[in-house]
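Noted in TrEMBL for the protein shown:
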- 26-47: region 'Disordered' (REGION)
- 218-332: domain 'Fe2OG dioxygenase' (DOMAIN)
- His236, Asp238, His292: Fe cation binding site (BINDING)
Amino acid sequence: MPCSVVSMQHSTSSFLSKNINDSSLTNKLNKTNNSPPDQYSTSESNVESNKSLIRRLFKYYKNNSMKPDLSTVLDLSVSNIDRGIFCYPVIKKKEYEKYIEYLELTDPINWSCTTIDKRPGFFLIKGLFTKKNQIKWMEKCLLEYPENGAITNLNFNKPSNDTNIFANCGEKLRWVTKGYDYNWSTKEYPRQQTSDFPEEFSLIFELVCLILDLKETKGDTAIINYYPKKATLSVHTDHSERRLDKPLVSLSFGQSAIFLLGGQSEEDNVDPILLSSGDIMVMHGEQRLAYHAVPKIVITTKFEKKEFHEISDNVLEYSNKNRVNITIRQCD
């Protein structure tokens, strides 16, 4: 079975509301107040103490001087009834077949979906991608999607005919937009699509919505984020799309990330979640406008040359050190 049940004798209160009052985690959070100032803090401890819960946790997990404590991070590959976490197999349907064939996905017997009772609208789907499929998506993210006039952080809102972008720029490549080009300055989308939208993006979005029975949805825009080992994604909400009633579908490839999921206030309870290569996270309904962030990349996956001899050395090297995230959404 793709998932199992673990029942632990803990309070049914939320994970972080329990742990934020626990002396061990409180002490860890307090220790980060003594670290050098960065873009999320100041040197004044009294100012730092007034930071919101999610920003304090961001700073704690971001701390590069210590190994991340994964014991405080939710493992959503198993059920935990006492915490309201349920991992269940995805029921195989004939409608999945065209997506499986085109996207070269695994048999649905390997698929699972995890929900959290206190987070209606949050889903984590696992098991769709083989390891070979994961490295193929990484290859496309590095060699194909930034090319052919795509808008990237390197040309910033201006289509470019540059080629061999990954070979020439490497880890300087930080984001690519597909479909509607998100304007990072105005935080708005244009009224018309400005670049091509890959068919595989449309299909994986459709499949996820089919699995979750989310009707009348159509992915039309995506942001691809590239995370070198020390990269982060600051605390924010995704609120610029014109269709906020539609889900946000996030694909993870390469190395893992600690993902902080809060609420619609920065002081709401926060769940740290480990997102691994091949995971598909969905934020819908009440979770669609939740604050979230990525404070830490965690090296957990090894792509061996002997397994993927057809993949270039530079793509394998990048994949073994970095993470790529594709976030697909419906703008209109």
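Each Cβ is built from the backbone N, Cα and C atoms, and glycine gets one as well.
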Query - In three-state DSSP terms, the structure that His236 (Fe cation binding site) belongs to - result: strand
Query raised in the report: Which chain neighbours of the Fe cation site, leaving out His236, Asp238, His292, have a Cβ atom within 8 Å of the mean position of the site's Cβ atoms?
Result: Leu233, Val235, Thr237, Ala290, Tyr291, Ala293
Report summary line: Model confidence for the domain 'Fe2OG dioxygenase' (218-332), as mean pLDDT, reads 92
Report summary line: Grouping DSSP H, G, I as helix and E, B as strand, the residues of the domain 'Fe2OG dioxygenase' (218-332) number 10 helix, 47 strand, 58 coil
